[in-house]
Amino acid sequence: MRFKNVLVLLLLLVFSVINSEPSAPATISDNIYTTLYSSYPCTKIMTSDGQFGCSSKHGGNSGILYLIDDDESYNNYFSYSQQKDIIVVLDTNYFNSTSVLNLHNKSKIEGIIVLTDTKKTYPYSPDSRYPNKIYGLYPNSNLEWNPNADGFTYFSFPFPIFAIDNQTSVAIRNVSKHNRDGQYPAWGAELDSFMQGAINSETCLRRGFCEPVGGQSIWSSFSSKIDKEKEIILVMLPFDTTAFFRDLSIGADQSSFATVTLLSVIKSLAAVDRSSWNKEVVFAFWNAERWGYVGSEYFINDLLNFQCKTYNSDKSKCIDPPRADLAFQTQINFTKISTIIELNQIGRAQLDKNLGKYSLYLHTAGTKTSSVTDILDQVASSYENSTITFKPTTQTELPPSSSMSFLKKTNKIPVVVITDHDYKYSNPYYGYEQDDNENVLGSTLNDIVYILSTFIDRIAGGNNNITIDKNFINILYPCFTSSITCFNILMKTYPLNEVPNFYSSVFGTSLTTTLSPYETKLIHRLLYSITQYNSTLTNCTSDNDCPSSLCYSGQCVSSNTHLHNALSLGFDFDTSKNVWKIVNSSYPIFTESNWDYTALKVFKIGNSTTEIWFLVSGLIELLVSIGLILYVKKFLSNRYKLL
């Protein structure tokens with residue numbers, strides 16, 4: 001009986017020890033922290049002479065939540081006596097350079113969470129007042145195209161800044177108010193977005209902690225092969241966007257509206273008889289244009305200067321220097337480009353109350369532009385019940401645009417840049433997260449598509465009756481400005497983030513290993529599908545089954561659609577050291593820092609009395625446990641001689 005009692009006691013001790021141990025470290029972490037998955041960090045960008053953006057400390061920054069949602073809470077912050085580290089929660093109206101720099105300079109903060117459950121009540125852009133000024137045609141210009149800008153994007157902060165989605169913002173606002181009311185337990189947050197890059201682009205690249213900002217541009221033609229002897233009409237746009245939080249770069253007016261427009265124009269023209277066209281029409285979507293027009297610059301440089309030293313067996317690719325596609329060299333003659341039409345910001349056409357129509361503006365450069373704009377005016381005026389009219393700009397300089405890259409090489413090409421502004425941007429949120437579907441006029445889209453489709457058909461030599469594909473437009477428009485969950489037939493994968501994001505990202509780990517975001521791949525496949533000239537009877541399940549073509553609806557399809565590197569000419573890849581290097585710092589030198597992962601977690605914080613009570617109770621429990629163990633040990637030793 002005694003032995004049985006001893007055995008039971010030992011089993012109870014073992015059982016208590018086992019149950020006192022955590023099953024896994026993650027269990028404790030999960031019980032303490034709540035991870036917020038819909039969070040979007042500010043990242044760090046390196047330049048040739050410094051850096052801008054944000055980063056947390058290694059392991060993250062944490063602190064108690066402090067809500068600033070009105071002037072009183074903003075002013076009270078500077079007399080806030082809380083001794084603990086602070087994570088500031090900002091209503092979107094207080095997210096600007098003046099407020100944040102004031103907080104940063106006058107107090108120590110561990111990080112910032114920006115709420116998105118409300119809209120800014122004033123126009124705001126964190127970009128510069130003349131985007132890309134030093135890389136354009138007029139580096140000494142005194143114009144300010146973007147008057148609502150404060151340059152906030154280009155400041156550097158030693159703490160993390162996160163935005164969170166609408167639903168999460170409501171929850172964080174509530175628990176932050178809980179803190180402000182002095183209730184316990186209080187709430188804190190941990191922001192982890194450690195960026196490995198430091199100093200500048202040269203140092204960061206040498207250490208292998210950065211990659212060049214860039215991507216891949218896309219160009220396409222209806223012709224199976226462009227006749228190099230024919231004149232070329234180049235219809236183009238910059239399709240990448242920017243925002244303070246890169247994962248929220250919708251850029252509805254900045255680019256997305258124009259991208260939808262041009263894709264819809266191409267869709268309309270795909271259905272017409274093009275046999276009467278006496279000119280080639282090339283459609284181009286330039287990437288990484290917001291970083292010094294590097295997409296268009298790289299393409300032009302390849303057209304004019306590229307020389308392949310070593311080809312592959314069929315001369316379709318170049319091994320040295322590496323180019324995966326040489327169609328640009330075999331099909332496009334730079335001197336044959338006779339007209340450039342660029343769609344820029346066109347999503348906020350201005351209402352002319354006298355005409356009862358919305359106005360878009362024509363910015364021209366080069367020679368003989370009137371012959372082009374006259375045709376556009378004729379098309380627009382002949383379209384009955386049109387809501388759109390076109391006006392000449394009052395400015396002598398072009399707005400920031402990809403056309404500048406071409407005009408640097410020659411001023412003999414007629415260039416027409418179409419925008420929704422005469423001078424100052426009509427876009428109140430350029431480069432900001434609120435440049436979304438609510439910031440553009442979707443009601444003008446059909447008329448713009450019809451007029452531009454007819455216009456391009458006319459200048460190419462056609463005289464077709466245009467019918468726009470409204471169903472295509474109705475699918476594409478919300479997809480590119482609201483939720484990019486469309487066209488699942490074209491894309492086998494699903495976007496990780498449903499918010500459309502046209503940030504160009506980084507180019508890749510080498511010249512032959514490029515990275516293409518979901519949105520770039522989608523535009524490429526859309527273009528490929530629309531401009532296809534041949535569908536074989538070859539069955540396929542993936543692109544791997546289709547050499548030199550792509551797989552659509554179970555069949556291999558051919559198209560004259562191509563990807564082209566969008567990378568600053570200031571970079572080259574050192575194959576001997578397997579690192580990027582800077583070869584010419586006069587070009588844009590933007591690199592993005594590497595990071596392991598990003599996370600935003602919230603947790604509860606007790607008051608000092610509660611914390612002391614937990615400490616004391618823990619010590620009491622420890623002492624009681626030690627006393628119990630010593631007693632049991634002595635009891636077993638004396639009575640049963642077991643210990």
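Cβ from N, Cα, C; glycine included.
The N-linked glycosylation site entry in Swiss-Prot, when matched to the candidates ASN385, ASN465, ASN534, ASN607, corresponds to ASN385. Take the candidates CYS210, CYS308; Swiss-Prot pairs CYS318 in a disulfide bond with CYS308. Matching Swiss-Prot disulfide entries to the candidates CYS486, CYS540 identifies the partner of CYS551 as CYS540.
Within the set ASN333, ASN539, Swiss-Prot records N-linked glycosylation site at ASN333. Each of CYS479, CYS546 is a candidate, yet Swiss-Prot gives the disulfide link of CYS486 to CYS479. According to Swiss-Prot, of the candidate residues ASN96, ASN105, the site noted as N-linked glycosylation site is ASN96. It is ASN333 that, of the glycosylation sites ASN166, ASN333, has its Cβ surrounded by the most other Cβ atoms within 10 Å. Mapped onto three states, the DSSP output places CYS204 (disulfide bond) in helix. CYS540 (disulfide bond) is 7 Å away from CYS546 (disulfide bond) when you measure Cα to Cα.
With a cut-off of 8 Å between CB atoms and residues at least 6 apart in sequence, the same chain places CYS308, LYS309, THR310, TYR311, ASN312, LEU326 near CYS318 (disulfide bond), listed in sequence order.
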